[in-house]
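Trainee: Have a look at this one.
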């Protein structure tokens, strides 16, 4: 009995943390989402499905769907860019630490400030357009800001390190001797990568995809800054429901929906990747 | 019969840290079990890795049957390796591991299944096909690694200290199994080890390497009984290496002066009167004599008696200050004690003149 009690003692900070910052908030918004709206943020604790009826409005569903698509596209780009990059870092010998620091340097300043830099870059009068105009590649500025393109750029920029770091960790741990064994058995570079490197580093890929997709699907600062609220994602809608419209019930219901959606996609993705990596080696 | 399988021609491999293999020439015959033996850092593993293709020679050529392969990638060479760490793919079952090489050759599925089954049967692991490597013991993992390599019918099987991680009993058993497997399959085995006993037990021929060069190449018996250099004499088994000056060269032996005493050694055409030479004698070939009746003996002080079960070792020091280990048995020796003066001698044929 004693060792188990000791384990609980050691786990207690984590348990307290999880209870305070995960269980209690989720319980709160669950309760609020089923409560009655008293107007101006007043919560009347009477059971009501009004918020969910509102939330299932095609208008919101459309925004949720849009958010999932943009987050998905950004995640795929992060993966396609991030995997080779992580691979490169893991194989760059003594430059490894410098490259890792370069990946993490953006974290030293606030995302808001870094996004303003993108506004300056992507603007119609911005650096990129001015450059393209001056070399004569385009005759009039391309509108990049206020488009889905700018959202994807912002998300890839903001979340790429979250993709690179877990993948880097798994490639770094990959024992080179597995690769030698594969080569020895007649596998060229492509087969070695697809059949050995990728399956063994899959846990890093899965972690990277979640760490990118989950914050990306609910983001609102990026849309705020790079589209000036002209395009919205579900994160903006939830934030506005709480802060602007003071409709806590709707905000909570949309949050619950989003959470359910994320959990569902996590389940689908893990099922898909684990069955695939099994099939790939059969 | 003595068809050449691998030929290493003037191969040198230099790393940033220094030269690992220096101008190596070695011919490996088809179907032989050859062992590259040497201490760590002698270049044996580098040599093996160059045959496998994991390292490219800095200069020189490596021929595999009738093709120069020195600069080809590992996957372009008809050799397979059994690694010391086994390196079984952790995300595949035993079956998938063994099937990997055949899949790379795009063999048909039913053919793969049959060959994998056969290979697993050879190493007595048929019933483990669906297990994950993690569920197997070290010895079983090693057998899977062997099956994974031989299933491809390689021209040469390279084994890099494959038994190093196993305990003594299992190692002895695997030594016999590997030897039997090699004879049954008729594949050329190139085996790398630092364990001289393993080399003597299993090999048709042994290559003794030191500091990137070959010290001696020969059958286990030649290597053990006629070591050519002081390194080989002391690395393989236990040997007394003594120095002295040649006094007389006879048809079948030479007379050597150690201080003011004379001993005999095996004849060697390269030595002449007056040469300072080194020669080696195994402890089991050295005897104690009752008296100075025989010529060619040395007297020595018994310094230490080491009891090791079936045999007893006596560590002596000659009057000229050279250490001599004598391995002997017999009732009379029960009464000797440390500090006694002993008379020591040997047959000329057992004292091998070494080239310095």
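From the backbone N, Cα and C atoms, a Cβ is placed for every residue, glycine too.
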Trainee: Looking at the ranges A:183-204, A:205-226, which is given as transmembrane segment in TrEMBL?
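Mentor: Of the candidate stretches, TrEMBL labels A:205-226 as transmembrane segment.
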Trainee: Suppose you had to name the range TrEMBL annotates as transmembrane segment; which of A:7-32, A:33-58 would you pick?
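Mentor: Result: A:7-32 is the stretch TrEMBL calls transmembrane segment.
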Trainee: Between the transmembrane segment (A:63-86) and the transmembrane segment (A:246-269), do 3 or more CB pairs sit under 8 angstroms, pairs being 6 or more residues apart?
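Mentor: Stretch pair touches.
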Trainee: Out of A:7-32, A:98-122, A:142-169, A:205-226, what stretch is closest in contact terms to the transmembrane segment (A:63-86), meaning most Cβ pairs under 8 angstroms?
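Mentor: By the under-8 Å Cβ criterion, the transmembrane segment (A:63-86) pairs most with A:142-169.
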Trainee: Apart from its near flanks, which chain residues at least 6 from the ends of the transmembrane segment (A:205-226) lie with a Cβ under 8 angstroms of it?
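Mentor: Those are 67-68, 70-72, 74-75, 78-79, 82-83, 111-112, 115-116, 118-119, 122, 145-146, 150-151, 153-155, 158-160, 162-167, 170, 198, 232-236, 238-239, 258, 261-262, 265-266, 269-270, 273, in sequence order.
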